[in-house]
Amino acid sequence: MKRLKTLFALGTGLLCCGWAVADDALPQRWISSGGALSEWVVLLGGEERLVGVDSTSQHPPSLRELPSVGYQRQLAAEGMLALRPDLLLGSEEMGPPPVLEQLVRAGVQVEVLSSRADLASLQASVLRIGELLGRPQQARAALADYRQRLQQQAQWVAQAQAQQEQEAPGVLLLLGHAGGNPLAGGRDTAADWLIEQAGGRNLAQHTSYKALSSEALLALDPQVLIIADRSLSGEQAREALLRHNPALAATRAVREGRLILLDPTLLVGGLGPRLPDGLAALSAAFYPASHSTLAQARPTP
Amino acid sequence: MNPLIKPRALFVALGLLLALALWLSLALGPVSLPLADTLRAALRLLGLPLAGEGLAQTELILGQIRLPRTLLGLLVGAVLALCGVAMQGLFRNPLADPGLIGVSSGAALGAAIAIVGGAALGGLPPAFAPYLLSACAFAGGLVVTSLVYRLGRRDGETHVATMLLAGIALTALAGAAIGLFTYLADDATLRTLTFWNLGSLNGASYPRLWPLLLVTAAVALWLPRRAKALNALLLGESEARHLGFAVERIKAELVFCTALGVGAAVAAAGMIGFIGLVVPHLVRLLVGPDHRVLLPASALAGASLLLLADLAARLVLAPAELPIGIVTALIGAPFFLYLLLRGRT
């Protein structure tokens with residue numbers, strides 16, 4: 001048994017050496033900006049290379065311990081250089097452009113990846129991160145897994161709709177702060193994309209996130225309400241929303257108790273690795289009578 | 001009112017303060033550079049033939065990041081303070097501020113149009129896109145200011161009080177338009193707009209410095225030539241006219257200089273408040289209201305104050321940075337309150 005352990009340790013050690021040799025030419029000190037991109041870096045095993053993240057990189061919570069380089073559109077050249085990075089990874093939102101130029105001149109590799117919410121962009125981004133980490137296979141595997149889960153998700157929704165002979169439920173997503181002044185996610189938002197993918201029908205017809213009046217909320221009469229609250233979670237978020245917007249009590253969603261909570265960080269920065277779980281939870285709430293287990297949330301690897 | 005300090009002493013003190021602020025701004029930053037390296041790199045940048053091995057990074061940080069930023073701070077601080085003096089002289093009110101004639105709100109409106117409209121257009125030629133925001137802010141400031149000036153004119157005379165009220169009205173109107181653009185903006189554009197309104201010297205580069213340098217030089221050379229006229233205006237408009245000054249012309253020049261100067265500063269660095277209000281006031285407290293001293297001293301003090309505020313902005317939260325408008329407001333607002341309360345006792 002002891003021998004086996006030694007052998008195992010030796011093997012691991014050798015493997016690590018192998019990595020180290022292969023890694024030499026790769027960037028070692030990373031700054032990542034953009035929530036979803038940072039999550040992918042961590043998922044592909046690059047967390048120990050991160051020396052700084054932007055303010056939208058909040059997941060996993062361990063990233064909050066790292067030095068923050070501020071908001072991704074307002075990066076500071078010298079502040080980042082103080083972290084001695086080899087690589088700055090970020091989305092097309094990253095800026096301002098003169099700062100990126102200054103970093104390039106200082107010898108920092110600046111990688112701009114797309115954070116658009118479609119699978120082709122996601123594939124390019126994740127493969128590139130894998131390449132930069134020296135782990136292309138892991139990236140491919142993670143992508144394949146991701147695609148598969150989204151596919152299963154779509155099948156599950158189709159199945160659930162067929163089984164229950166039910167139309168897509170009318171949904172509103174309310175993004176709020178401790179229940180006050182909720183903004184409804186309209187077209188061209190991540191909220192809209194999530195609702196559609198989860199098999200719902202977004203009732204909000206405006207673009208981006210806008211406030212709706214109590215009357216408008218009542219008139220839309222959503223069957224399901226998704227609450228994404230930035231400061232409260234759980235039962236508190238539900239209570240706060242209803243307390244500040246008493247008109248909601250008359251909607252079908254509240255009468256039937258169909259208020260779903262969603263982590264608001266899922267809505268920023270493109271498609272992240274936690275998305276399939278979030279979608280699965282939404283779908284399960286949209287079609288409660290369906291007992292298919294495909295979309296059961298499973299722990300993120 | 002007797003001045004607290006003799007002008008010559010004040011100029012020596014302000015010169016030293018500015019030199020100190022310049023040096024600190026070049027020597028300190030989130031990247032800690034050894035003092036000897038900084039000195040050597042600085043001398044090499046000045047053209048001295050010193051050995052440069054191992055200095056590449058230091059020279060880059062000094063020459064490409066800190067120096068343009070320091071120059072930007074110098075110019076913005078100086079021009080905002082000069083325009084502040086011009087406005088307080090024109091309105092004969094020590095609480096006047098360049099925002100009164102609508103240049104700030106006009107620039108903000110121009111910026112909002114550029115940020116929200118630029119995002120909607122999307123397909124601008126890449127060579128022009130980075131300058132769209134600055135150009136629109138500058139143009140917005142000029143347009144609104146010229147409107148305010150027009151509204152203040154009647155029968156070939158500029159009524160300062162009418163102009164003040166017109167400035168307030170147009171500022172409110174611009175505020176409504178900005179609000180509308182804010183409503184139309186999506187999340188990302190909204191944050192760009194918010195940050196722009198807080199001002200920043202971040203990302204300064206030489207090509208962006210040139211227009212501001214020209215404008216600041218023009219304003220800094222022109223306004224002191226009108227120092228005597230500004231002194232005469234302190235007595236009142238008709239008194240100044242009787243003393244032989246072309247009052248209407250002077251008023252037009254002051255408004256034009258301010259629109260140009262503040263417009264260029266805002267276009268280069270976003271909205272930076274309180275420098276134009278607080279600095280002239282402070283200098284006046286020290287040395288009295290003579291514009292021949294007040295104008296150059298305010299330029300020196302404004303530049304020093306802005307450089308020191310920027311130093312705080314980039315060091316406090318490093319590696320991130322604080323928008324500089326927050327720092328100047330944190331210094332300026334309590335000082336403004338102090339001025340108000342001081343008058344009571």
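Note: Cβ is positioned from N, Cα and C throughout, glycine not excepted.
Automatic prediction, not curation, is the source of TrEMBL annotations.
If you look up TrEMBL, you'll see B:71-91 (among others) marked as transmembrane segment. Counting residues 6+ beyond its ends, the transmembrane segment (B:71-91) has Cβ neighbours under 8 Å at 22, 25, 97-98, 100-101, 160, 164, 201, 204, 208-209, 212-213, 215-216, 219-220, 223, 230, 233-234, 251, 254-255, 257-258, 261-262, 264-265, 268-269, 272, 275-277, 279-281, 291, 294-295, 298-307, 310 in the same chain.
Summarising the annotation, TrEMBL assigns transmembrane segment to B:100-122 (among others).
Per TrEMBL, transmembrane segment is recorded for B:128-149 (among others).
Under the heading transmembrane segment, TrEMBL lists B:161-185 (among others).
Annotation source TrEMBL lists transmembrane segment at B:205-223 (among others).
Taken from TrEMBL, the feature transmembrane segment covers B:254-279 (among others). Residues 72, 75-77, 79-84, 86-87, 89-90, 95-99, 101, 103-104, 106-108, 111, 133-135, 137-138, 140-142, 145-146, 148-149, 163, 195-201, 204, 208-209, 211-212, 215-216, 218-219, 222-223, 226, 230, 298, 301-302, 305-306, 323-325, 328-329, 331-333, 335-336 of the same chain, all 6+ positions outside the transmembrane segment (B:254-279), place their C-beta atoms under 8 angstroms from a C-beta of that stretch.
If one looks beyond the transmembrane segment (B:299-317) by at least 6 residues along the same chain, the residues whose Cβ comes under 8 Å of a Cβ in the stretch are 11, 14-15, 17-18, 20-22, 24-25, 28-30, 69-70, 73-82, 84, 200-202, 220, 272, 275-276, 278-279, 282-283, 323-324, 326-328, 331. The transmembrane segment annotation in TrEMBL covers B:299-317 (among others).
The transmembrane segment annotation in TrEMBL covers B:324-341 (among others). With a threshold of 8 Å between CB atoms, the same-chain residues lying at least 6 positions outside the transmembrane segment (B:324-341) that come near it are 94-95, 197-201, 269-275, 277-278, 281-282, 305-306, 309-310, 312-313.
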Quiz item: When you scan the chain for residues with a C-beta under 8 Å from the transmembrane segment (B:100-122), skipping those not six or more beyond its ends, what do you find?
Solution: 87, 91, 129, 132-133, 135-145, 147-149, 163-164, 166-168, 170-171, 174-175, 177-178, 181-182, 184-186, 188-189, 192-193, 196-197, 255, 258-259, 262-263, 266-267, 270-271
